[in-house]
Amino acid sequence: MENIGRQRPIGVFDSGIGGLTNVRALMERLPMENIIYFGDTARVPYGTKSKATIENFSMQIVDFLLEHDVKAMVIACNTIAAVAGQKIRQKTGNMPVLDVISAGAKAALATTRNNKIGIIATNTTVNSNAYARAIHRNNPDTLVRTQAAPLLVPLVEEGWLEHEVTRLTVCEYLKPLLADGIDTLVLGCTHFPLLKPLIGREAGNVALVDSAITTAEETARVLAQEGLLNTDNNNPDYRFYVSDIPLKFRTIGERFLGRTMEQIEMVSLG
């Protein structure tokens, strides 16, 4: 019976396709885990929507994943984590629920040496102040500087990962953070890990915190602690569900995932 519990999938969800960077990190860190991904591609972006709407959409996704008997959930969306994280945890009870903001904040605090942390994220995540709150809960003396970097999202989706336009945009966004003397930078949007090489070069000696990797590490730790790690599965099952299959979805999705997407299925929620 215990083994059946361990074989249950991890549910990962996002408002769109950015959360596939989290799936990729989970596949690498936990290669024996079955994974179900849901991306709400019909209703993306969430960032411009009200708190009530984001909570409502998030609950629909959580219900969908619960129907698929997941053993844990990963909120692979900074907006959902910031706005609806608490409500999701209330709904799921004792089930482990991981999220990119908690994991990113924890890793940033463990990384910084001078107690000055920068965050680049979308407008909604920056305005929610969720990263600063998560960091200050653990260390109120840390200087947290946030910078909205919305233009990087379409550049990543266009595949301009090393383009001069992207480099110049990154430079502009980093300027105020570097001027404040940060030594650690959190990539606070699920699209940004794809720009890690470029951001790393432009940020110099600043340590980069990749929320996808830190969330995968935290997931591994929690599953082990709860006795839910799958240690006997050489042929894991990966399923991808979306609420719409927009133009170029597979191309962009496979870029994020770093591999082909076999099973993509469209479902409508709500």
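Yeah, the Cβs are placed from backbone N, Cα and C, and that goes for glycine too.
Annotated active site, proton donor/acceptor per Swiss-Prot: CYS77 (among others), in sequence order, evidence recorded as sequence analysis. For CYS77 (active site, proton donor/acceptor), the same-chain residues that are 6 or more apart in sequence and have a Cβ closer than 8 Å to its Cβ are PHE13, ASP14, SER15, GLY16, GLY18, GLY19, TYR46, VAL100, THR190. When secondary structure is read from DSSP and collapsed to three states, CYS77 (active site, proton donor/acceptor) falls in the coil class.
For CYS189 (among others), the entry in Swiss-Prot reads active site, proton donor/acceptor. For the recorded site, CYS189 (active site, proton donor/acceptor), the DSSP three-state label reads coil.
The Cβ of GLY47 (substrate binding site) has 22 neighbouring Cβ atoms from other residues within 10 Å, across all protein chains displayed. Look at Swiss-Prot and you will find ASP14, SER15, TYR46, GLY47, ASN78, THR79, THR190, HIS191 tagged as substrate binding site, backed by sequence analysis.
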Cβ-centroid neighbours of substrate site ASP14, SER15, TYR46, GLY47, ASN78, THR79, THR190, HIS191, 8 Å, sequence order: GLY16, GLY18, GLY19, VAL44, PRO45, CYS77, ILE80, THR122, THR124, THR125, CYS189
